[in-house]
Amino acid sequence: MKTILAVIFFGILAFAFADYPSIENCTHPPAMANFNQKKFLEGKWYVTKAKHGSNSTVCREYRAKTKGNDQILVGDGYYSFNGGTFYFTVRCKRLPNKEVQKPLQFTCTQKSTDDPSKMFKFQLEVTILDTDYANYAVMYRCVQFPEQLGSHFEDNTLLLHRNPDQLVDENQVERKLNLSFDSFRSREDVVDGCPKLPSKKKNKAS
């Protein structure tokens with residue numbers, strides 16, 4: 001088990017001190033057949049369940065956008081750091097990869113809007129196990145920390161929804177993928193619900 005002082009996108013670490021299972025490298029499960037990268041990488045996705053992490057993990061929301069020729073994942077939100085909760089901006093730029101059965105690869109930057117010294121760069125890999133694109137997705141994602149943070153790996157499996165208030169039949173997804181969400185942390189268990197993000201005018205995405 002490792003204790004890491006960092007806060008990472010996609011629920012890799014939702015608080016400053018977090019124990020995750022130790023892994024030596026990313027172990028991606030098989031990607032869904034005929035995965036359509038373009039359809040997945042558009043619009044908003046909300047994390048509703050997570051194998052590892054905290055309430056912040058299952059409160060994560062992110063969106064995809066195109067900036068010129070680049071595909072960008074935006075994961076702005078609240079993260080815990082040094083005993084407090086702070087708002088961070090997150091930008092993940094997709095690296096070129098046209099092979100549908102290969103993990104989606106991104107290079108990411110996460111930084112505090114109040115303290116420029118709180119900035120982290122990391123590599124992200126994503127494999128989609130299953131999705132209908134319009135309602136839900138099951139995603140395995142793995143992060144490689146930079147050398148200054150130990151050069152190790154952390155992974156997680158997430159259940160995503162387009163609308164966190166309109167959930168699919170999880171039993172069907174479990175049977176299809178031969179997995180169980182029983183031990184996963186759920187957005188529905190967050191006391192008082194997930195916090196609202198600041199207005200876009202106050203924290204305009206760059």
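Glycine is treated like the rest: Cβ placed from N, Cα and C.
Residues annotated as N-linked glycosylation site in Swiss-Prot, with sequence analysis given as evidence: N25, N55, N178. Residues annotated as signal peptide in Swiss-Prot: 1-18.
For the glycosylation sites given as N25, N55, the lowest number of other CB atoms within 10 Å of the residue's CB is seen at N25.
Comparing N25 (N-linked glycosylation site) with N178 (N-linked glycosylation site), their Cα atoms are 23 Å apart once rounded. Note: the Cα of N55 (N-linked glycosylation site) and the Cα of N178 (N-linked glycosylation site) are spaced 25 Å from each other. N25 (N-linked glycosylation site) falls outside any helix or strand according to DSSP and counts as coil.
With a 10 A radius on its CB, N178 (N-linked glycosylation site) counts 6 other CB atoms from all the protein chains.
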